[in-house]
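Asker: Quick one: this structure, given as structure tokens, is what I'll be asking you about.
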């Protein structure tokens with residue numbers, strides 16, 4: 001098969017591993033910088049060009065689209081879909097999961113466990129917003145943040161008010177969530193391919209930190225997940241319509257709660273924590289499922 005990997009940087013661990021795994025299994029692979037692709041959006045013969053060349057003959061495309069290039073990255077992916085190339089995850093599923101609010105609303109509609117979450121832009125009654133999610137301590141997030149950036153733990157009401165006011169000054173949208181203290185700065189990342197959890201790791205925040213993102217110095221270790229955690233993670237990925245996803249789950253006293261569904265989960269942390277060859281599993285999934293022109297929108301909303 002001829003596979004395209006949409007990635008800004010061919011040297012990144014995840015991109016390297018996917019290329020390696022595909023080549024080992026006898027496929028032809030090209031890494032394309034998504035921002036350098038340009039498109040002819042025509043109803044007759046839509047095309048994608050890259051460095052002066054018409055990109056044709058691809059059987060599948062693997063999107064590794066960073067949060068900062070979501071808009072253009074998903075547009076390029078949509079163009080690949082238009083010319084009949086099989087996407088590992090569809091453009092609409094990626095945009096759905098990148099919008100934190102939209103994804104939370106969809107998960108809530110499906111009855112999937114979530115932390116109590118308030119959403120606001122310019123609330124007149126900050127006290128009422130804090131009360132709505134069960135009072136301090138609360139976690140306050142910028143809607144557009146990634147990798148733990150723009151996430152603040154406010155330990156008391158006064159701190160929560162100050163942070164919300166500061167964020168409001170930025171003219172941005174704010175998520176206010178209950179703080180699940182029993183997790184003690186840890187979460188579980190489930191790596192989903194298709195309808196299976198192929199690997200899972202526990203991420204632990206460093207001492208004195210509550211954000212467990214590996215980019216923030218968190219550590220990862222192998223973990224056994226419960227059947228309930230497994231089914232929650234799979235349902236969350238399917239609600240987004242993603243074939244490949246990293247679902248972050250908190251172990252609360254009242255069952256698993258989904259924090260986030262990541263459409264471009266990194267491979268380095270999960271492969272080193274679990275010793276599993278996740279990249280090859282991704283390529284095997286493409287081999288089984290890639291047929292030309294087969295994009296259908298899964299999930300609703």
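Positions of Cβ are set from backbone N, Cα and C atoms, glycine also.
For 104-287, the entry in Swiss-Prot reads domain 'ATP-grasp', with the evidence type sequence analysis. Marked as ATP binding site by Swiss-Prot on the basis of sequence analysis: 141, 178, 179, 187, 211, 212, 213. Marked as Mg(2+) 1 binding site by Swiss-Prot: 248, 260. For 248, 260, the entry in Swiss-Prot reads Mn(2+) 1 binding site, with the evidence type sequence analysis. Per Swiss-Prot, the feature Mn(2+) 2 binding site maps to 260, 262; the stated evidence is sequence analysis. What Swiss-Prot lists as Mg(2+) 2 binding site is 260, 262, and the listing cites sequence analysis.
Set these features in their place in the structure for me.
Answerer: Following the DSSP three-state reduction, the secondary structure of residue 211 (ATP binding site) is coil.
DSSP assigns residue 248 (Mg(2+) 1 binding site) to a strand in the three-state reduction. Around the Cβ of residue 248 (Mg(2+) 1 binding site), a 10 Å sphere holds 21 further Cβ atoms from the protein chains shown.
For residue 262 (Mn(2+) 2 binding site), the same-chain residues that are 6 or more apart in sequence and have a Cβ closer than 8 Å to its Cβ are 97, 245, 246, 247, 248. According to DSSP, residue 262 (Mn(2+) 2 binding site) sits within a strand segment.
With a 10 A radius on its CB, residue 260 (Mg(2+) 1 binding site) counts 18 other CB atoms from all the protein chains.
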Asker: Round to the nearest Å and give the CA-to-CA distance linking residue 141 (ATP binding site) with residue 260 (Mg(2+) 1 binding site).
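Answerer: Between the alpha carbons of residue 141 (ATP binding site) and residue 260 (Mg(2+) 1 binding site) there are 12 Å.
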